[in-house]
Amino acid sequence: MELRAITSNNNDLRLSELTTARHHAKQDGFYGTTADKSDMKQLGITQQLSRCLSPSSVGCFVTNIIIVFEFVLVNLEFYLLNGGRRMLFLGPFMMMFVVTIMYYPIAQLIERGTTSGGQFEWVSLLVPRCRLLSYCVGWLGVIGWQAFFAAICYGTATMLQGLWALHHPQHELESWVGVMLTLLVIAVVCFVNYLSPKWLSKLELICAFIRVGNVALILAILWLSRPRSTFEEVMTSSGSGGWQNDVVRMLVGFPLCFSAFLGFDSMAHFSEETVDARKYLSKYLIGFLMLNWFLFAAVSITLAFTLGNIDSLLATNTGYPYIELVRQAFETMHPRAALGGTTVIVAFIIVANFAAALSAGTTACRQVWSFARSGGLPFKALKNVSQAPPVPSAGHTRVQQWKDPLPINALWVVVVVSALLALVGLGSSVALNAYNSLAGLALILSYIICQGALFIYPQNLPAPPNAFIRWHLWGIPCLLAMVTGTFLLVILPVTPHPSAASFPWQTVIFLGWWFAIGGFWVYHGNKHYTGIKSTRESGGMQRC
């Protein structure tokens, strides 16, 4: 009896210890799990943001920010100019290969370095002796995500204009109205971001379900009501953009498919706020990437076979051919419900774009904050951008006393810069569109540099917890594909003889930014930029 009692007490004690250990490992309202603390210590980073997001919440953020199938609809006019139905059909199959080789190394970098800085801090870890390289990548991230956010806000505003033009055919789309609506979208995004990451994650989850339901509704409407093209008609339609060679048209249209998948690195910028980030984020990135590819393929292939008369779509007064496409589909099914049904579908797409603006604004905020934390931003006015909410005292598992659970100063920088960019549209919509196009250039180049650094210096990052499949054999084709896509995106205009309005001015602005980055480095970065100050305990590697 005494032996049984001792055994029972020992079992109860072990169970209690195990429960306590699991509690501490699973839940710490600020620092996350034990693995999260270990990762931050290994990278030499102080935890400044609360880990209040689950990996699935971050997955919803990324799913909403990409808006892959909405991207096909919104940019349908450019598909019809270069690539046509053939690109709509072949694009998903080409992108299945390209996005895999593009994001698999990024997923491995997320797993090996869970830091909000993303690309520039990974480069800082991989090439510690070259601070200038990581400094340039940091600016690419800041420029790219700032332009990404501004572009989505502007697109949401112009879609609101298109919806108004649908109900008022005599209405002319005024640029100043689009600018004012852009400012309104930016203000709403700022307010929602200010509330709380938890509320924001719930809102993003609701928007993700709305998007999936909207995809099913659009596919059903188009397949049931639109005339269907034959496979031969699809493969012989390569657009009417002015290029005489079909191969050139496909090459000009390919970067558009490529741009639809930019932004999945957003998941890395939430890693310091995600519970058990190292274990789940890389897996969720690949999983949500495949989900978005299926949505992209379903919508793109459906459009290839159900477009009908392309000239009637391009002649719409709404500014968006997809609005006219949906209206014609409802007109065939039920003429009286054409206007109302089109309004509902377009409203859902506007909601999806607004959710993307929320995610893009949050990501841009984290990118600016992390770059300022490393001393990358110049000027005294931006000195306090890296400030974050105070670290709770020991023993606190929940942070209830915070009023600002976000790096609020960085959020204000993003909002102010985006508002100033929107005001550029009052003078020239061409200049505004050119700057918004910088997002693709900056993000693609940052991916190239990260993958090149990982290819050359893979030993400079700690090994991941699970088996790492080496990608060196197909790393070179990956880099070549990225460089080729970037080259085409920068060099080739939409038409062979572009006018001043259609000229790719983003190339000129991008080159100008490189001169500005060089000046910032001489003026500020060379003295104050530190990169990520990390030491690996086992290797004793010194960082800049």
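Cβ atoms here come from the backbone N, Cα and C positions, even for glycine.
Copied over from TrEMBL, here are the features:
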TRANSMEM  58-81  transmembrane segment
TRANSMEM  87-106  transmembrane segment
TRANSMEM  132-157  transmembrane segment
TRANSMEM  177-196  transmembrane segment
TRANSMEM  203-225  transmembrane segment
TRANSMEM  247-264  transmembrane segment
TRANSMEM  284-307  transmembrane segment
TRANSMEM  337-358  transmembrane segment
TRANSMEM  410-432  transmembrane segment
TRANSMEM  438-457  transmembrane segment
TRANSMEM  469-491  transmembrane segment
TRANSMEM  503-523  transmembrane segment
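Contact between the transmembrane segment (247-264) and the transmembrane segment (177-196) is not supported, since fewer than 3 Cβ pairs fall under 8 Å when only residues 6 or more apart in sequence are counted. Sequence-distant residue pairs (6 or more apart) of the transmembrane segment (203-225) and the transmembrane segment (58-81) include at least 3 whose Cβ atoms are under 8 Å, placing the two stretches in contact. In this chain, the transmembrane segment (438-457) lies close to the transmembrane segment (132-157): three or more C-beta pairs between them fall below 8 angstroms, excluding pairs fewer than 6 positions apart.
Across 58-81, 87-106, 337-358, 410-432, 503-523, the stretch most heavily in contact with the transmembrane segment (132-157), judged by Cβ pairs under 8 Å, is 410-432.
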